[in-house]
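Report on the following structure.
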Amino acid sequence: MLKLTKPKSEFARNVITLMTGTTIAQIIPIAISPILSRLYSPADFGLFAFYMSIVGIISVIATGRYEMAIMMPSKDEDDEVIIIVFVATVMMMLVTLICFVLFVVFNKQVASMLNRPEISGWLYIAPFSVIITGLYQTLNYLLIRQSKFKQLSINKVCFSAISGPSQVGLGLLGFGALGMLASNIGAYLITIWMIFRSSEIRGFFKPCGRKQAEYIAIKYIRYPKYDIPAILINIVSNQLPLLAMGKYLGLGLLGNYSLMNKIVMAPIGLISNSILDVFKQRATEDYLKHGNCKDIYIKVFFKLLMLGAVPTCILAFFAPAIFSFVFGNQWRDAGVIAQILAPSYLLNFLVNPLSYTFQVTQRQNLNLFFNVLFFVMMTSAVVLGVKENNHFRFIFYISVVQCVNYSIYLYVSYRLARGGK
């Protein structure tokens, strides 16, 4: 049986390597946050966060999600990977060119539509941020394909080690929010340069013929056709409760939820995302060889369950007391919210890596269908919760919908992992 806690298996070693890098990368911004809070105003943080949300949404669609197809060709089909990288890069350039034209020609109108006039100057830079973000994502998939998890871990640490201190330095020089932006761009550029130092990686970036590109674009059309709408719908579904809390149920509930979610999701993301990156490579390899990936699926499922069971029980029984003790009695409601959401957090912990099976088996259409279903269920839960105007009942409805959604994903992804349709 797979031992995630003992570095005997290659899978476990890779997970531990990524977790180590991710942990260090997260410690750096946490450690310097008291300094940054004195160098930058809340408005600076808000402007930068708003800008990054714009870049993040565009980056999701910029490559057409073709970078995810990098995992699909077998190990002896690197020529096809070269074409996939070319298609993703061309898509990214076209999307960013369109965005650049829109942001230049309709700069004031876009800023006004976003209700943030101060973002207008930043919009000119947004296409460049999209390019480096998309390129970074593509490079990460290439590294995962080649099982270069140590390099992935180093990249995370380097990015954080560059962006953090540079934010402090530029903040001391009085650059304001622009200092945060410059630090982010600089960290991306240096990290990308470090990856490109490898001739093996550079070899995947070559021009291709039009017919080859068209063939690959059509072969993997499921990614832009199904995955882009699926991820956008998922973003909207997850933001609906936050919008409803802020608009109808009060900022107090939203504040409690936000603190709780930040605290609880940090370790969940650290572990499950590290496992996800390794699972991508192993599950794809098994599926291409055997037509299924059920063995690694089952092993990862039970190890995740063992890792998540005890923290979930602690949240379910003691969260209010823990939050009151650590953060003060005024944050007890955050603990109650964590208590209600504990089952959904456990299921999320399981689903985050294992749902990648939809990508491995090329069933993005099913993923889109279940995201639409999730949106319908979440909308119903939000409307019902707002109508009843009871804070904890609102959270309960959200938890029920998430549990149902994650359970469906687990069931269907297991069927797919077995080679089912």
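The backbone N, Cα and C atoms fix where each Cβ goes, and this holds for glycine too.
Annotations in TrEMBL come from automatic prediction, not curation.
Taken straight from TrEMBL:
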type     : residues : note
TRANSMEM : 12-36    : transmembrane segment
TRANSMEM : 48-69    : transmembrane segment
TRANSMEM : 81-106   : transmembrane segment
TRANSMEM : 121-144  : transmembrane segment
TRANSMEM : 170-196  : transmembrane segment
TRANSMEM : 300-328  : transmembrane segment
TRANSMEM : 334-354  : transmembrane segment
TRANSMEM : 366-386  : transmembrane segment
TRANSMEM : 392-412  : transmembrane segment
Original post:
Hey, which bits of the same chain come close to the transmembrane segment (334-354), Cβ under 8 Å, at least six residues off its ends?
Top reply: 256-257, 259-260, 263-265, 268, 271-273, 275-276, 279, 297, 300-301, 304-305, 307-309, 312, 315-317, 319-324, 327, 392, 395-396, 398-399, 402-403, 406-407, 409-410, 413-414, 417
Original post:
What parts of the chain pack near the transmembrane segment (48-69), using Cβ distances under 8 Å and only residues at least 6 beyond its ends?
Top reply: 84-85, 87-89, 91-92, 95-96, 99, 114, 116, 119, 122, 126, 129-131, 133-134, 137-138, 141, 177, 180-181, 184, 217, 220, 223-224, 227-228, 231-232, 235, 359
**OP:** Quick one: find which recorded stretch in 12-36, 121-144, 170-196, 392-412 has the most Cβ pairs under 8 Å with the transmembrane segment (366-386).
**Re:** 392-412
